[in-house]
Every structure is written in structure tokens, then in C-alpha cells.
């Protein structure tokens, strides 16, 4: 098989998963570089880069790159493609060529996003792209239009979602019920359903924005009978499910890692875990306006969105305590994936607690658009999603490559990263409570201390990213082969060896169901 046939025209779920992982890693480094520019600007009062426009272009690009080109490609595209067919005993994905197209839509989409930063003044709108700031007066030129066209990544996600839903429902062995599939498979299924239902609404919203900018429509312009609040509703009806799309596959991975390294044959409360994820997926669609408490909604509307948002804490709590129950009484192996998983449980819970604070509409009036919100979502993303990715990466790296990571360096990497992200984001809670607003490139001197500490933390995190690159290089360089994975009876993805052959389950697996 030629290089081009294997990697450009690939129809193999393992190869496409590998492409997603490489692309996501590359994008993650780009996103990290952007975040360091942000923290460099904020390390001391005064300007470093120039005006607020260039700063906001960097902030916007940082968000888009991390969400659409790092977390989603790695979790759903990388781990999802690699593991879902192996875990359900399918020969491949349901639509292998569409799978390839889903991947190859991402690099052009990424180029469109980068192009938006290089023309005119760039798209300094924030990732929410609210009009009128994103309209053709405040942002004349092609920047925002190019940023809108990077919705191509959304097309990729919709195609991927269709593929995963079809694969998971239709390509299991007949004897296997949906309630016998591993939790990671469930998490990807629910994530795919969320993508399929939410992305078209975003498409509608940004298409209206595109026509407002270029074809003189007035969907979001009061002068023509439109309403900018309509855009916020459309955007957040996608935007809130999106944050659950980012974390749900992480929940699935953490369930596998915790059970494996606690020496358990299954996670505690399988059905509770499944229904908790289903509940989170459902509730994620009916809380979107908690992002909009500052736009003057009726008191009864605010009361509803406050209480509905708090209800999400219940299924989330079920998951957290089920992970703790899985750990309980186990023989814990303190391997790097376990460290990441424990870090995830602890820090994700802290992020969840600040989320409960922000759910209160009255408190949110004071905290909205301050660094408290930034601290909240970076605790659940930078220490939830990213820690889950690193837990999954360190756990399944031997499966993907056949090589093992250096154990002590990987643990050291965890220590550096843990220190870095906490030093970066914990002080931001204090900044937010003291009223420092988001999306400004400068600040009063009173905020200097915590900003300086936060920026030092970002440099430590950068060191961790460089360490990770070195650790991966070292693994391929040293070529320590995997001898024998443990617990293969309950972890079907390992049964073909490390790495598995190019084609697995070429004939349907025989499943014996215990009566």
C-alpha cells in the first residue's frame, strides 16, 4: 500500500484515528502558543502586543483552535475512531470514506481560521462572534467572514456524528445489547447525538450573520426589525451542548482508566453512569440562557434557567461519586494514567462547584464577563478535558503504537502540568471576585499580583507541553515493546495485541451472553 493510499485516501479507522491525534496535537501546540501570548500580555500592567484588537484576535483564535481543532479532534476523532470499533467488535466504522472526509475537512478549516487572523485587522470578536461587534461596521473586511466559514469544522463534526451513531447502533454483534457496550462507547454515542442536534442551530445563526454582513439582511439589526439577542439564543443553544460535547468523551475515558488502575473489572454503577450521561446530554439542551443572564430576561425565565442549570449537578455528582466508589477497595496502581484520572476528578469537581456559583442568575450579574468565568471553564476544560485526554493518551499509547512511555518522566510531566494549570487558573477566581473583566489587554495596577502569578503558571504549563513532546519522542526512540496488557477479559480493545493488526474483527465476533 503506497503512502498516499494509506494516509490520504485512508478508509481505516485506526489510521484516521492516528491522523486525528497528530492533527489535534499540532493544533494543541498552536493553541498553547496563543494562550502564552495572552498571558504574556497580562503578566504586567501596560501594553506588550499593541491594541485591544490584536489581543482579542489572539483570544478568539485561542478559543477556536483549542475547542474545534484540539479537544474535539483528539477526543472524538482520535480516541473515538481508534477505540469505538475495537470496543464493540466492529470491523471498521459504518461509513469509512465519509470518515476520511470528516478528517480532511479539518486542515482546510484550520487554514480558514488562520487566514481570518491575517487579513484586515483579524476577527477580534471573541469565540461567541456576537453582532453588532461582528457586523460589517465594527468588523469591516473579510476577517469575520473567513472565521464564519471555518464552520467547515462543524460540517466535519456532523458527518462524524452520523458515522458514530450509525456505527454504535448498527455494527454491534447481534447478541450485544446497547447496555453491554463499554462506557466510552456510550459517551461517544451521546456526544454524537448532541453534535447532530446542536450544530445545525449554530449553522443557522452564523449563516444569518453572514447574510447580515454581506447581503443587507437584518436578522440581528434592530434598524430592520432584527434582534441581536436572537443571535445569542441561537449561538448558545449550540454553545452549551458544545461544552458537554467537549467533556462527555472525557467522562467515558476516565471511567475506563479508573476501573483499570483500581484493578476492578468494571466501573461502579454502570447503569447509573449511562443514565447520568444521558441526563447530562438532555439537560445540556435546556439551560442555554444561563450564558445570557445579563441581557434582561424576565424573573421567571431567570429562575427557570438557574434551577435547571443546578439540576445538572445531580447526574454529574452521580458520576463523580461512582468514580470514587470504583476506587474504593481497589488495589490502586499509581501509574501515570491513574494520576491524570485522579487529578481530573479533583479539579473537574472544583470547576463544577464554581459552575454552581455562576448558575445563580443574581450572582452571575456581578460575575458575568469577569475572570471568575474564565477560571470556571478553564478548570473544567484545561483540567477536565485536557487531563482526560492525557489520561487516555498515557493509558492507550501502548495500544496505538506498541511502545511504552517512560514511567518516571511521564509522572514528572504530570507534576509539572498539575502545578502549571493550577497556578495559572486558581488566582483568576480572585481576579474575578475583585471585578477584573475578561477580554481586555490591560488592567489597573491593583490586579497585578494575581495576573503575574497566573502568567508564571502559564510558563510552567508550557514547560509541561514541551516535556510531553519529548516523552513521546523518547518512547518512539527507545522502542520498549509491550509485553502483555493486563485485564484483557474486561477490556476488549487490547485482545488483538499492541498494536493491533491493520484489520480487526474481519468476521463478526461471537458473543456469548451470560444468562
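Just so it is clear, glycine is given a Cβ too, placed from its N, Cα and C backbone atoms.
As recorded in Swiss-Prot, the features of this protein are as follows:
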BINDING   41, 46, 441  Na(+) binding site
BINDING   240, 290, 291  Cu cation binding site
BINDING   244  O2 binding site
BINDING   368, 369  Mg(2+) binding site
BINDING   376  heme a3 binding site
TOPO_DOM  1-12  topological domain 'Mitochondrial matrix'
TOPO_DOM  88-95  topological domain 'Mitochondrial matrix'
TOPO_DOM  171-182  topological domain 'Mitochondrial matrix'
TOPO_DOM  262-269  topological domain 'Mitochondrial matrix'
TOPO_DOM  328-335  topological domain 'Mitochondrial matrix'
TOPO_DOM  401-406  topological domain 'Mitochondrial matrix'
TOPO_DOM  479-515  topological domain 'Mitochondrial matrix'
TRANSMEM  13-41  transmembrane segment
TRANSMEM  52-87  transmembrane segment
TRANSMEM  96-118  transmembrane segment
TRANSMEM  142-170  transmembrane segment
TRANSMEM  183-212  transmembrane segment
TRANSMEM  228-261  transmembrane segment
TRANSMEM  270-286  transmembrane segment
TRANSMEM  299-327  transmembrane segment
TRANSMEM  336-357  transmembrane segment
TRANSMEM  371-400  transmembrane segment
TRANSMEM  407-433  transmembrane segment
TRANSMEM  447-478  transmembrane segment
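Looking only at Cα atoms, residue 369 (Mg(2+) binding site) sits nearest to 291 among the binding-site residues 41, 46, 244, 291, 441. A gap of 21 Å separates the Cα atoms of residue 41 (Na(+) binding site) and residue 376 (heme a3 binding site). Remote same-chain residues near the transmembrane segment (52-87) are listed as 13-14, 16-18, 20-21, 23-25, 27-28, 30-31, 34-35, 37-38, 41, 93, 99, 102-103, 106, 109-110, 113-114, 117, 121-127, 147, 150, 153-154, 157, 160, 164, 167-168, 171, 181-182, 184-185, 188, 191-192, 242, 245-246, 249-250, 253, 381, 385-386, 388-389, 392, 396, 399-400, 439-441, 492-493, 496, 500, 504-505 (criterion: CB distance under 8 Å, separation of at least six residues from the stretch ends). Within the same chain, the transmembrane segment (13-41) stays apart from the transmembrane segment (299-327): fewer than three Cβ pairs sit under 8 Å, each pair at least 6 residues apart.
Across the binding-site residues listed here (41, 369), the residue whose Cβ sits among the most other Cβ atoms within 10 Å is 41. What surrounds the Cu cation site, by Cβ distance within 8 Å of the Cβ centroid and not counting 240, 290, 291, is the set 236, 239, 287, 288, 289, 292, 305, 309 from the same chain. Tertiary proximity for the transmembrane segment (299-327) is limited to same-chain residues at least six positions away from its ends with a CB under 8 Å from its CB atoms, namely 251, 254-255, 258-259, 262, 264, 267-269, 272-273, 275-277, 279-280, 283-284, 286-287, 289-290, 293, 341, 345, 348-349, 352, 355-356, 359-361. Per-stretch counts of Cβ pairs under 8 Å to the transmembrane segment (447-478) identify 407-433 as the leading one among 183-212, 336-357, 407-433.
Same-chain neighbours of the transmembrane segment (228-261): 67, 71-72, 75-76, 79-80, 128-132, 182-188, 190-191, 194-195, 197-199, 201-202, 204-205, 208-209, 219-222, 267, 273, 277, 280-281, 284-285, 287-292, 295, 319, 323, 326-327, 332-335, 337-338, 340-341, 344-345, 348, 377, 380-381, 384-385, 387-389, 391-392, 395, 486-487, 490-491, counting only residues six or more beyond its ends whose CB sits under 8 Å from a CB of the stretch. There are 24 other CB atoms within 10 A of the CB of residue 376 (heme a3 binding site), with all protein chains counted. When the Cα of residue 441 (Na(+) binding site) is compared against those of the binding-site residues 240, 244, 290, 291, 376, the shortest separation belongs to 376. The Cα atom of residue 290 (Cu cation binding site) lies nearest to that of 368, taking the binding-site residues 244, 368, 376 as the candidates.
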